[in-house]
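Undergrad: Quick paste from TrEMBL:
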BINDING   ASN11, TRP12, LYS13, GLY173, SER212, GLY233, GLY234  substrate binding site
ACT_SITE  HIS96  active site, electrophile
ACT_SITE  GLU167  active site, proton acceptor
Amino acid sequence: MTTKKKLIAGNWKMNGSLAANEALVKALLQGVGTPACEVAVCVPAPYLAQLQSLLSGSPIALGAQDLSAQPQGAFTGEQSAAMLKDFGVRFAIVGHSERRQYHGETDEGVAAKTAAALANGITPIVCVGETLAEREAGHTAEVVKRQLAAVIHVNGHCISEIVVAYEPVWAIGTGKTATPELAQSVHALLRAQLHHAADEHAAGIRILYGGSMNAANAAELLAQPDIDGGLIGGASLKAPDFLQIIAAAR
Ligand code: PEP
């Protein structure tokens with residue numbers, strides 16, 4: 001059991017509008033008070049300026065959903081870590097399963113993006129997780145360890161600065177949550193791997209759970225010894241639900 005502050009990060013995915021974002025953030029700021037955990041929202045890139053302004057001086061940090069591994073140049077459609085930094089971005093999701101699945105992101109690419117974030121003072125939230133087929137074939141441990149090993153290989157001792165998110169792909173957006181015991185068993189594996197790479201710093205690395213976490217199941221998941229917070233998709237778009245999850249993280 002560790003004593004670090006938990007992190008609750010919302011992943012808005014490709015949702016929102018200027019009007020909807022403003023209403024959501026206003027409701028969050030009205031209800032959030034002084035949270036016991038760290039809170040962030042990872043928003044679509046076009047809304048970074050809006051959110052930087054809305055969240056200014058608040059206890060909610062700004063996050064991005066992806067970044068380029070490259071520092072600048074001819075990479076149409078990409079955003080560099082330095083550009084995100086210009087908007088006060090503190091966290092960036094890296095290697096979300098939707099990017100691995102729909103954009104062909106590889107373990108090596110995810111490791112390079114992690115390095116770009118770290119080099120620019122942005123905390124990467126590095127996602128790992130197995131598909132349903134991989135779980136059913138008994139390959140969960142092998143898959144998540146391979147994904148994390150690539151990040152460790154490229155980033156060495158700097159991995160003490162990352163956040164890891166265990167997101168079983170079969171639980172994302174499906175309403176099927178990993179049981180607290182199942183999630184804890186994978187988190188413990190990841191913790192052991194981090195321990196091997198970062199020695200005593202491993203205990204301070206936050207490992208979030210993500211995959212249909214909601215207001216009803218958050219407290220039980222967050223009570224597990226190696227679950228240090230949550231990466232929340234759908235439920236982060238509903239202020240009362242997200243606020244309840246934040247309240248459960250202490
Ligand atoms: C996610 O997108 O990272 C996620 C966990 O989504 P959901 O909470 O909707 O399953």
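A Cβ is built for glycine as well, from the same backbone N, Cα and C atoms used for every other residue.
Whatever TrEMBL says is automated annotation, not expert-curated.
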Undergrad: Write down the Cα-Cα distance for the residue listed as 'active site, proton acceptor' and TRP12 (substrate binding site), rounded and given in Å.
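TA: On Cα coordinates alone, these residues lie 15 Å apart.
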Undergrad: Filter the binding-site residues ASN11, TRP12, GLY173, SER212 down to those with CB closer than 6 A to an atom of ligand 1; keep them in sequence order.
TA: ASN11, GLY173, SER212
Undergrad: List the recorded positions among GLU167, GLY173, SER212, GLY233, GLY234 whose C-alpha is within 10 Å of the C-alpha of HIS96 (active site, electrophile), in sequence order, or say none.
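TA: Checking Cα-Cα distances against HIS96 (active site, electrophile), the recorded positions within 10 Å turn out to be GLU167.
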Undergrad: In which DSSP state, out of helix, strand and coil, do we find GLY234 (substrate binding site)?
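TA: DSSP assigns GLY234 (substrate binding site) to helix.
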Undergrad: Measuring CB to CB from GLY234 (substrate binding site), give everything in the same chain under 8 Å that is also at least six residues away in sequence.
TA: GLY173, SER212, ASN214
Undergrad: Would you identify which of the binding-site residues ASN11, SER212 has the most other C-beta atoms lying within 10 angstroms of its C-beta?
TA: ASN11
Undergrad: For SER212 (substrate binding site), just give me the three-state DSSP call.
TA: coil
Undergrad: For LYS13 (substrate binding site) and the residue listed as 'active site, proton acceptor', determine the Cα separation and express it in whole Å.
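TA: Each residue's Cα considered, LYS13 (substrate binding site) and the residue listed as 'active site, proton acceptor' end up 15 Å apart.
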Undergrad: Quick one: among the recorded positions LYS13, HIS96, which has the most Cβ atoms sitting within 10 Å of its own Cβ?
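TA: Highest number of other Cβ atoms within 10 Å: HIS96.
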Undergrad: How big is the Cα-to-Cα gap, in Å, between GLY233 (substrate binding site) and GLU167 (active site, proton acceptor)?
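TA: GLY233 (substrate binding site) to GLU167 (active site, proton acceptor), Cα-Cα distance: 11 Å.
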Undergrad: Near GLU167 (active site, proton acceptor), which residues of its own chain have a C-beta under 8 A away, given they sit six or more steps off in sequence?
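TA: Residues satisfying the criterion: HIS96, SER97, CYS127, VAL128, GLY129, TYR209, GLY210, GLY211, LEU231.
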Undergrad: Could you check what DSSP calls HIS96 (active site, electrophile) once collapsed to helix, strand or coil?
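TA: The three-state answer is coil.
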